[in-house]
Amino acid sequence: MQNITQSWFVQGMIKATTDAWLKGWDERNGGNLTLRLDDADIAPYKDNVHAQPRYIPLSQPMPLLANTPFIVTGSGKFFRNVQLDPAANLGVVKVDSDGAGYHILWGLTNEAVPTSELPAHFLSHCERIKATNGKDRVIMHCHATNLIALTYVLENDTAVFTRQLWEGSTECLVVFPDGVGILPWMVPGTDEIGQATAQEMQKHSLVLWPFHGVFGSGSTLDETFGLIDTAEKSAQVLVKVYSMGGMKQTISREELIALGKRFGVTPLASALAL
């Protein structure tokens, strides 16, 4: 019998959550991570499935995700503990045939449940599936320190925030040419913040929750982690620059245009126009 804890997706979640903890992005039970799987991914581990999988209804139906398996982090779970006990802190779930709820197939032991941000994740998965023709499979939420700090001092506007991050590090325009969406402050763990995040995910692979954290989407765990890491590195540079009196020189609009042409990406027009 194959052990699901040795699967690529459980091992990938262990690495991503451990790396995020070591970065300081996920204190206590902060942050959540979901990865969309295929039936073929979980098929070799049918002997690991709970004898009587628990069923949990969704707060709103999501037919686009019908019959889709995911691996998710648990509610109230600490990222730092995932590596110690994957089955207690992670779960494999599968949405039912009409998208009205899901069964917990593996993990989330002792009656644990998926992250409270699951509605936001699932709504964002729906939008990224449509926006990327199914390429994006990961939604990651974390409390990236410097990105949060910038939401207190920069205008919380997509164009302004995006342009500052592009100028903070040359690679940023190449990594997220679609810019960074920004919400107003909202209560977390609600359908409302999930819907607002998903709306921004139609246009952006990164979405900031001011004074709280960031949502990122990507095709793999590495790509998604790297996306957030790149934006956070630029934010760290900007925090240092602002603390030293601000920019005396920076990357110009013309240089940003040249950068986009060189790497074959189309920069967000509103950010480029500033």
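Including glycine, each Cβ sits where the backbone N, Cα and C put it.
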Identity of the Zn(2+)-site residue among H204, H212 (reference: H141, H143, source: Swiss-Prot): H212
Between E117 (active site) and H143 (Zn(2+) binding site), the C-alpha gap once rounded to whole angstrom: 14
Which same-chain residues, if any, lie at least 6 apart from H212 (Zn(2+) binding site) yet have Cβ under 8 Å of it: H143, I148, W185, P188
Local backbone state of H141 (Zn(2+) binding site), from DSSP in three classes: strand
Set of same-chain residues at least 6 away whose C-beta sits under 8 angstroms from H141 (Zn(2+) binding site): G31, N32, L33, E117, A120, H121, G213, V214, F215, G216
Other CB atoms within 10 A, centred on H143 (Zn(2+) binding site): 19
Per DSSP, three-state class assigned to E117 (active site): coil
